[in-house]
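Student: Take a look at what TrEMBL says about it:
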TRANSMEM  20-40  transmembrane segment
TRANSMEM  46-67  transmembrane segment
TRANSMEM  88-106  transmembrane segment
TRANSMEM  112-131  transmembrane segment
TRANSMEM  152-174  transmembrane segment
TRANSMEM  180-201  transmembrane segment
TRANSMEM  240-260  transmembrane segment
TRANSMEM  280-299  transmembrane segment
TRANSMEM  308-329  transmembrane segment
TRANSMEM  341-362  transmembrane segment
TRANSMEM  404-424  transmembrane segment
């Protein structure tokens, strides 16, 4: 029983506490991402790292998120702790990820040669953050009414992108001014505050605040591990889920393969400073992840994810085609503005697309193995981002950056047509 939040202390059943906790958890995740995926790449690009070296770093950081589905069965099956079905795993994973992040304090300050060591720290931290994310997603699915999933995911996106924007802007200044160790201490301090909030907010009124005990056997048993896996594999045998996974992979692949080499070109060929580019990216992310995400979440709840996806996929396609065309402009005055405009167009729309996509895949994930199924879809998105980042340098060298943008735009337009004609509905996403 959920109980009365006013008499039992903060509970996730109370919308205010629920959204505050979700926003804080994702803001921390975004702060780390802004540091690892924006500030670090831009900083090392300014130090002379190649697109291939930066792409390898981004791929390494994203690799644990591809393996995120491995955590799903663990979170779904072993949830009978006195601290709460999902809350136990959120607290455990967040604590462990902060300990892994503390390893940055032992990495020597230096030039491009230190990038692999930093990547290795985020490889370990990412594996634990993926467990945290899986448990948090399960907590959302368990506690948010289906008709409010759009709003809940807008809050997650707002928290993540706001944290990402803050991380990109803050650490773009801190890295050259104060170094890696000072930046790591800021990350650890914010993460500690989020950990305290999660200790305060419980799932149920009878959950223990801190305990490693199991609940009584009846409450702890749930479905057997083998039963959960059988249900999961049964849901994957049909044609719909694999195709939806391909769709998730392709959308993030199309965005990443163009976005990463464009950022490197702005610094190394178009005269941008790393700190200025990070601030620009942070500003775009902040506007997109706050007002934009909340508006798209509100609209998705009312129009339905199918219509929202069709419109946003079409806009993503148009944005990437325009970005590719802008980079072809030879006139010097226009060429100076083409890069930032292309980066803005190709960054804002894919970020908003996720707000409509997440409720769609959550609907396709409903059931006893919800955390596992949703983690599979998120892993497909992350695999697309990692793969796109890994091959971005070679693709830009082979095709030219404008052609990469045009090809990504064509991919988004194909998926927009698929969504508009009901293809995603047949895949179970809407």
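Placement of Cβ uses the backbone N, Cα and C atoms for every residue, glycine included.
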Student: Ranking 20-40, 46-67, 152-174, 308-329 by the number of C-beta pairs under 8 Å to the transmembrane segment (280-299), which range is first?
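Tutor: By the under-8 Å Cβ criterion, the transmembrane segment (280-299) pairs most with 152-174.
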Student: State the residues, same chain only, that lie 6 or more residues beyond the ends of the transmembrane segment (88-106) and have a CB under 8 A from a CB inside it; answer 'none' if no residue qualifies.
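Tutor: Hits for the transmembrane segment (88-106): 25, 28, 32, 74-75, 79, 81, 118, 121, 124-125, 128-129, 131-132, 134-136, 139, 180-181, 183-185, 187-188, 191-192, 194-195, 198-199.
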Student: Does the transmembrane segment (240-260) reach the transmembrane segment (404-424) with at least 3 CB pairs under 8 A, where each pair is 6 or more residues apart?
Tutor: yes
Student: Tally Cβ pairs under 8 Å between the transmembrane segment (180-201) and each listed stretch (20-40, 112-131, 404-424), then give the stretch with the top tally.
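Tutor: By Cβ pairs under 8 Å, 20-40 leads among 20-40, 112-131, 404-424.
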Student: Decide whether the stretches the transmembrane segment (20-40) and the transmembrane segment (112-131) have at least 3 CB pairs under 8 angstroms, with pairs required to be 6 or more apart in sequence.
Tutor: yes
Student: When each of 46-67, 152-174, 308-329, 404-424 is checked against the transmembrane segment (112-131) for Cβ pairs under 8 Å, which one has the most?
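Tutor: Top-ranked stretch among 46-67, 152-174, 308-329, 404-424: 46-67.
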Student: State the non-local partners of the transmembrane segment (308-329) in its own chain: residues 6+ outside its ends, Cβ under 8 Å from one of its Cβ atoms.
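Tutor: Residues 251, 254-255, 258, 262, 296, 299-300, 335, 338-339, 341-343, 345-346, 348-350, 352-353, 356-357, 360, 401-406, 408-413, 415-416, 419-420, 424, 429-430 contact the transmembrane segment (308-329) from elsewhere in the chain.
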Student: Please report, as numbers and ranges, the same-chain residues at least 6 past the borders of the transmembrane segment (404-424) whose CB is under 8 Å from any CB of it.
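Tutor: Answer is 244, 247, 250-251, 254-255, 257-258, 261-262, 306, 309-311, 313-314, 316-325, 327, 342, 346, 360, 392, 395-396, 430.
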